[in-house]
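Undergrad: Please read through the structure below; I'll follow up with questions.
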Amino acid sequence: MIILGIETSHDDSSIAILEDGKVLNMWSISQIDIFKKYGGTIPEIASREHVKNIAILQNFLQEFIDLNKIDHIAYTSEPGLIGCLQVGFLFASALSIALNKPLIKINHLDGHFFSGAIDNKEIKYPALGLIVSGGHSQIIYAKNKFDFQIVGETLDDAIGECYDKVSSRLNLGFPGGPIIDKIHASYKGKYLKLTKPKTSGEFDFSFSGIKTQVLNAFNNKKYESIEQIAASFQEVAINYLIEKFKLAIDKFKPESILLGGGVSANKYLREKFKDLHKNTIFPEIKYATDNGAMIAMCAYLRMKKNS
């Protein structure tokens, strides 16, 4: 079974060809360099860039494979920036009509959940997933491949969004995640005393409080260095994530745990996460950010279930 996966939910244009759970090829174009000067993604510009990028990616695709060999076309339908999603949908629809191939809608977060399973890594169920990105922070309990339940989520800002906002305020650059992660890795000093927020839901998150404490310390000059502020933010944010996820592990007793989403590329988070369970599944770094392979993989597992 050959599946084309299409991902355009935010600022990455990506397509991938997957055969029986294995990636044959993937092509991605990032818009990060475009948005560095703005400190974040501008939806209208992102949509226009997707239109240009999809045309380029289509050429790569046609050079790689006879399109008639594709069995199914999967695309990200939600959540995401509406204009960006529309570009992917129109591209997928045009191919579907031209090739007479069925379309498969895929939820972007489902794709991140299964990103660690790309290239036939086995997920044992029930499973518990931690999905962390610029737009989402969720704990997902999966009884099986498609019986999902969100058991915890952020009540305000997503963790990736906070990384970007903190980094922007400290004039460190965009995107904030890799920059702050690198600073944290080399920092040897004392951390600021920051309070971990409490939430009414046992497994829910609240990152705006952490962000506000960090920005207040910066604005009031209650810090020794910019590195101290950045490292302190990561130290408390990642450990807060891990502590909440530990509670969920104790409650649901999963057979495996998964990490997904753009923030899953964070080295400190991966280091902490791997010690939580005997069966931990990470995406490869190239599959941590938004990509077409995870969309194709999700579709493959769905089709495999139905076959």
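Note: Cβ is positioned from N, Cα and C throughout, glycine not excepted.
As annotated by Swiss-Prot, Fe cation binding site applies to His108, His112, Asp290. If you look up Swiss-Prot, you'll see Ile131, Val132, Ser133, Gly134, Gly135, Asp164, Gly177, Asp181, Asn266 marked as substrate binding site, on the strength of sequence analysis.
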Undergrad: Of His108, His112, Asp290, which is closest to Gly177 (substrate binding site) if I measure between C-alpha atoms? They're all binding-site residues.
TA: Asp290
Undergrad: Within 10 Å of its Cβ, which one of these binding-site residues (His108, His112) has the largest number of other Cβ atoms?
TA: His112
Undergrad: Can you grab the distance from His108 (Fe cation binding site) over to Asn266 (substrate binding site)? Cα atoms, rounded to a whole Å.
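TA: Here the two Cα atoms lie 20 Å apart.
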Undergrad: In which DSSP state, out of helix, strand and coil, do we find Ile131 (substrate binding site)?
TA: strand
Undergrad: Reduced to three states, what secondary structure does DSSP give Asn266 (substrate binding site)?
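TA: SS state of Asn266 (substrate binding site) = coil.
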Undergrad: I'm trying to understand the geometry here, so how far is the Cα atom of Gly135 (substrate binding site) from the Cα atom of Asp290 (Fe cation binding site), in Å to the nearest whole number?
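TA: It is 12 Å, counting Cα to Cα.
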Undergrad: Taking the Cβ of Ser133 (substrate binding site) as the reference point, list residues of the same chain whose Cβ is under 8 angstroms away and which are at least six residues distant in sequence.
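TA: His112, Ala158, Ile159, Gly160, Gly261, Gly262, Val263 - these are the non-local Cβ neighbours of Ser133 (substrate binding site), listed in sequence order.
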